[in-house]
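Copied over from TrEMBL:
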type	residues	note
TRANSMEM	15-32	transmembrane segment
DOMAIN	43-104	domain 'Homeobox'
DNA_BIND	45-105	DNA-binding region
DOMAIN	107-308	domain 'TLC'
TRANSMEM	112-131	transmembrane segment
TRANSMEM	156-175	transmembrane segment
TRANSMEM	236-258	transmembrane segment
TRANSMEM	278-304	transmembrane segment
């Protein structure tokens, strides 16, 4: 694999170029969210819910930071004794405190807008790069001439774009919106970075480009669906969700296993003997496929709820904000119910008293009338 002026092959040191590009993407994202996405969200009418701040309380704050953000009933009783507060107020304090840590709606909008912008650019960049390539239409061409497959400039920059983006996601993951599938996201990002790096070093560029463009196909539909969900445009959100579900199932559960997994696992063995790269590459691809199955189960559950309810519910991976106002209304309703019960009992008692009083008056009147008759 000797290089010349016209022929270049992937070199591991080339991947170091992704480090400055990763930092550059982080800076671009910050500027995009601050000066484009946030003003756009305001103009579109996105407004954050009014949140009630938890009053300062060192005991509860220490417990919140060191032990648990959602204490159990026994812990609530113990904390209420330490703070000399009713249990209800302690429970309300933790609810307010949890809501303070949750990201605002405009923050979610900015993050999703950035992801949509990148996935849109990345997907159509991948199509432009691969449209005239033979292995994009015939997956068996991925192995023609392997490993002596020259590195094309367009493929190199496409690799740098994807690697820099996923590296930037890992860098800002502690600051992004936390979702319930955080551990799966970490596994996905790690597997993707290892897959991109190893496929580049092992000159699996043709397989790597197929994997990247297949993943971007559904992601560039998911993000705008989230945007319209935040904007409360239900019909557009529902339509995009159906399109996303169809594309996800087709690309991740049909095309990916057939075009990629079958190609690397079976067809490559018809041409070459297995080596370390064969096992490592397929192990990373299988990890991605297991994540696809996991997310497919969540999507199927959402589709099932969509068929029953007629609209897309919230993202199952997202934590819902505990509504302060709704909780206050529920408490007021409970108090009204209690007051209503007491009022009803008071009315009943008053009626009983009135009835007994009337009966006593009638009895006394009857006695006076009888005495009058006797007289």
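Positions of Cβ are set from backbone N, Cα and C atoms, glycine also.
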Secondary structure composition of the domain 'Homeobox' (43-104) [DSSP: H/G/I, E/B, coil]:
36 helix, 0 strand, 26 coil
Contact call for the transmembrane segment (15-32) against the transmembrane segment (278-304), three or more Cβ pairs under 8 Å:
no
